[in-house]
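J.: Just lifted these from TrEMBL, have a look:
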type	residues	note
REGION	B:1-23	region 'Disordered'
TRANSMEM	B:137-154	transmembrane segment
TRANSMEM	B:166-187	transmembrane segment
TRANSMEM	B:199-217	transmembrane segment
TRANSMEM	B:246-267	transmembrane segment
TRANSMEM	B:274-295	transmembrane segment
TRANSMEM	B:330-356	transmembrane segment
TRANSMEM	B:368-390	transmembrane segment
TRANSMEM	B:402-420	transmembrane segment
TRANSMEM	B:427-444	transmembrane segment
TRANSMEM	B:464-488	transmembrane segment
DOMAIN	B:516-639	domain 'STAS'
């Protein structure tokens, strides 16, 4: 068989080989282990380089910068102006009008006393105003986390039978959610949130919204008993097993208000200037509904009402945290799951609005702010809060300038707690249900799902899996499925990297994929392969097989065309970001096999990391440094030179087929 | 601020822009969804294209090929010659002499009756000879899987108190291991085994070897009671809490034989021709030890012996499978874990020797063979078998040619079972312990660990974690830690991709990393970045931040040098293998931000997949197709042309800093 190893490599070739002469692939200078470790840790945990601004500053300035880091209000506070305040006042009052009914509704969703919704809109926004770096986030409770709390805690403790324990566990879960959120920020592991991909969130949100809407059937139909499960099958069975209990008064009232709310939103969408119609609609619904019930005494005719709400500000709840309870594990688990979900929503929302206004949000700093606000919230009779999308969008539309709008909202809620709670006595629950349904319908973003389908089928698949998982299984199942699928996709990208055959683009020295550029031409006697991922243990066996198959296929093709034999295999390493020891072994094996069948392995453009490692493993010596080129063009030129200078010996037998040779 | 959008893009530029003229980045032709799905599934599950050889064959030939696929013996059998048989006979007898004492030792390790070691060296090798595709694998039980069986089953069932149940569970676990192994092969998920990286296996094997050696202290010291834990702390406590029980006779005998075995190996290593000294050493030890005990009646002086071994071939055990047992879950779990470990060893060993002899091993076919052999083994009184490294290495050294050596070994074991079992009555257990220790010491491959440290620090870290996990925790803990770390590394590669600044290599049109090629020069007014990984949800936030920081740093640098302002940011997408919707959103955000600060985003060499998706998402339109170039060189040329033709407007204020602009 023709063996490229037999040929002497002419020392003059470098100068013949065109541009390659003076530009060999460099072996990067060795770096001390500690320095490279430091760099890796820095890039992994501190990609935003938070200490950059502290550099070369006097100690006093460093202290101020440090305080400003944790309390951004110290940074923007001094620059705060009356004009800003006017805008913040209007937006603050607007979100307060939304916060009160929503707070009560979501607390019901979490099976908690309705007053907690108001408490949770008082203390946490104040904390966030001090520590948060977003100017548009409006703090409050969210539907999905409320539902998750109810479903997870409800697995072990029945809220109706044991309300005190359930309440205390909710505080404990909130405490752990806050600790977990703040800890993620402190140890700078904020990137965990990134593993909830856009597609996951779209599907998950839509699924949760569907489930929440289904749960509202209880309020809409005025049912007393209802399933504790959240999946669509259980809910439907529960609803249709008690058709005789349906209250038409309740259902009619609910549908009217739902229609009103959707109409208000429709108009606001048509004319963004009328955003306040939509923003005020929940409060007007509550006022109208309460008045209606009060005047018609509908509470005696099947329309359930909220009933008594305690007057006064948040009582302390720090002593209610159940650290010694047998349900502690449950509380921690609930806290971590709801904390991550809430964090993902809060950060995504903050980031979206920051993008609109072109300012910067520091994910880790936000985590510390949201975490602290939940820790303090758990001490003051609040449950899990974050920055809900609906409320923040209203805040943004109302023209908020800074986090002062949160302070305004908190004061409005405080005044409500101090003086206005009796007014909510007659608020019909069905109106709250209508408010929740209206809000939820906005979260089912079918357009985003269609967009996903058009651009990336796998993302669509992840999205639909999350949706189906949530709707037919449970909120956790949906989440786990979607995250697992997303991670599997990443692993699959590594485990099954694409390998491309490159060809020469006519009239250039460029080599590109023949699939992508159909006019790219093969080079006689040379097979050029590109590997599109790092070579790791997870793909080294696959690549070994795949390279073998490419070579076999190429040899079959050449044989059927009657063209000259394959002599060189060039691996373009441009896209190989890294390699590990399994990967190097794979290359060594491929090299050995190629040698044995008389083919020559050539590398093109290995990166710094790859070059460093294959040099340490002595693979550079094995392959010969003169067979590693800076570009595919150089490599092809050298191979062609060799092919024309030294005519290949004829093959001695027909068994040149690569993977079957014995 | 200077805004590149203000400039008209001259239609003549393409012809001025050098080679770029006729070579735009093509948008790949749309592919029907089902075809691309089919291709993806094929690449993922059938990378070796197993049906290739069936193409265009008559049905009769297809049937033969199909039978040959499942029974490779039909393929090589007809070509079998007497010369082959001579070699196989010698190697078969050699491995039988090793198989008998090792089988008995490992069965003791698994807390199973010693005779099982012999049974397991009879039936499974015969099955493998029919179905396996390796010519060098010698089938038998392995230490690690034996130890795992003992430790996992031992958690629920005590082998000493309830030997029958324990035995039946071991058969059941073997059955499930076989089913799982065969299933992996049938559904072509063989690549799961690839997730056990080289580094993991080195660390895990060394850890398991250490643990197994520690377990042998029981036999060496002649102890009756011993801990069921495998970690070093428990074992040491168990050994030193009963110093008064130590039997010096046993220890002395053990040390002598250990010394003999190690010496034999030392000589074999020095002179590979003397491999048979090492191969025969275990059998000679057993014979010598048994003779010694028989003559000196040492069994009455503290030297434990094997005792009675039943004569006769494997009884059936198919009725002993405990499918209705409350421990069924345990048996399934044990089966899956031990099955994967055994599979990984078997395939890795088969592949290594195939590489030496340059033939091809099909991972999926091997799985089916190993799985079937274990299923049938579980019906015939055998426990888990695979291709152990030590035995296969001896087989290889002894010059085996085909799987017939396994048949020879099976016949030798059969003869032993029929006629020679009484001879093992006086075999001292301490000799078996010495055999195990000697074998295990060879598995602690410290040289490989040093090699890992030199080439890849992270691989070394994975290896040491696996070792420490196994030695101080348990076999399962070590394995889970190592696999998790390996997977985390892959995820981290995606979550924190490297971004490189490129510069021009003097006298060429090439652009390479300035870190790797220190002589590469920056291009005035242009920042060239390369992203070294696919852009996925897991890294899109990071890349957003990182690109912002690169731009800030470049602007700071330019300002401090007093050079001209940054006008263009070129992203080299050569190494971006894929993109998802989160990634496209990131690019859109980056583009918006750059536009706002008067910078222009330019793409270079996006691949087919990326181009297809950004085109569908209309990002190609947004960025302008004329700003997507085939090479970085073309992109730089176009930017330089614009910079020189249209002088940039002066900046209007000092707040041009990118990420802080409001």
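Positions of Cβ are set from backbone N, Cα and C atoms, glycine also.
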J.: Should anything in the same chain at least six residues away from the transmembrane segment (B:199-217) have a Cβ under 8 Å from its Cβ atoms, list it; otherwise answer none.
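T.: Apart from its flanks, the transmembrane segment (B:199-217) reaches 109, 143-144, 147, 223, 226, 230-232, 235-236, 239, 344-345, 348, 433-434, 436-437, 440-441, 443-446, 448-449, 452, 456, 459-460, 462-471, 475, 478-479, 482-483, 486.
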J.: What stretch of B:330-356, B:368-390, B:427-444, B:464-488 shows the most Cβ pairs under 8 Å to the transmembrane segment (B:166-187)?
T.: B:368-390
J.: Using a Cβ cut-off under 8 Å, which residues of the same chain at least 6 positions beyond either end of the transmembrane segment (B:330-356) come close to it?
T.: 132-137, 142, 144-145, 148-149, 152-153, 155-157, 169, 172-181, 184, 190, 192-193, 196, 201, 322, 363, 366-367, 370-371, 374, 384-389, 392, 396, 476, 479
J.: Out of B:137-154, B:274-295, B:368-390, B:427-444, what stretch is closest in contact terms to the transmembrane segment (B:402-420), meaning most Cβ pairs under 8 angstroms?
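T.: Counting Cβ pairs under 8 Å, the winner is B:137-154.
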J.: Of the listed stretches (B:246-267, B:274-295, B:368-390, B:427-444), which one yields the highest count of Cβ-Cβ distances below 8 Å with the transmembrane segment (B:137-154)?
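T.: Per the Cβ count, the answer is B:368-390.
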J.: Same chain, outside the transmembrane segment (B:368-390) by at least 6, Cβ under 8 Å from its Cβ: which residues?
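T.: Distant Cβ neighbours of the transmembrane segment (B:368-390) are 70, 98, 102, 107, 110, 112, 116, 119-124, 127-128, 131-134, 137-143, 145-146, 149, 170-175, 177-186, 314-318, 321, 338-339, 342-343, 345-347, 349-350, 439, 442-443.
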J.: With a Cβ cut-off under 8 Å, give me the same-chain residues at least six positions beyond the ends of the transmembrane segment (B:427-444) that come close to it.
T.: 101-102, 104-106, 108-109, 143, 205-206, 208-210, 212-213, 216, 218-220, 222, 250-251, 253-255, 257-258, 261-262, 265, 281-282, 285-286, 289-290, 292-293, 298-299, 303-306, 389-390
J.: Do any residues of this chain, six or more beyond the ends of the transmembrane segment (B:274-295), have a C-beta under 8 angstroms from a C-beta of it, and if so which?
T.: 94-95, 97-98, 100-102, 253, 257, 260-261, 264-265, 267-268, 303, 305, 394, 397-398, 423-428, 430-432, 434-435, 438
J.: Over the domain 'STAS' (B:516-639), what is the model's average pLDDT?
T.: 89
J.: With helix taken as DSSP H, G or I, strand as E or B and everything else coil, how many residues of the domain 'STAS' (B:516-639) land in each class?
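T.: Counting residues by DSSP class gives 66 helix, 22 strand, 36 coil.
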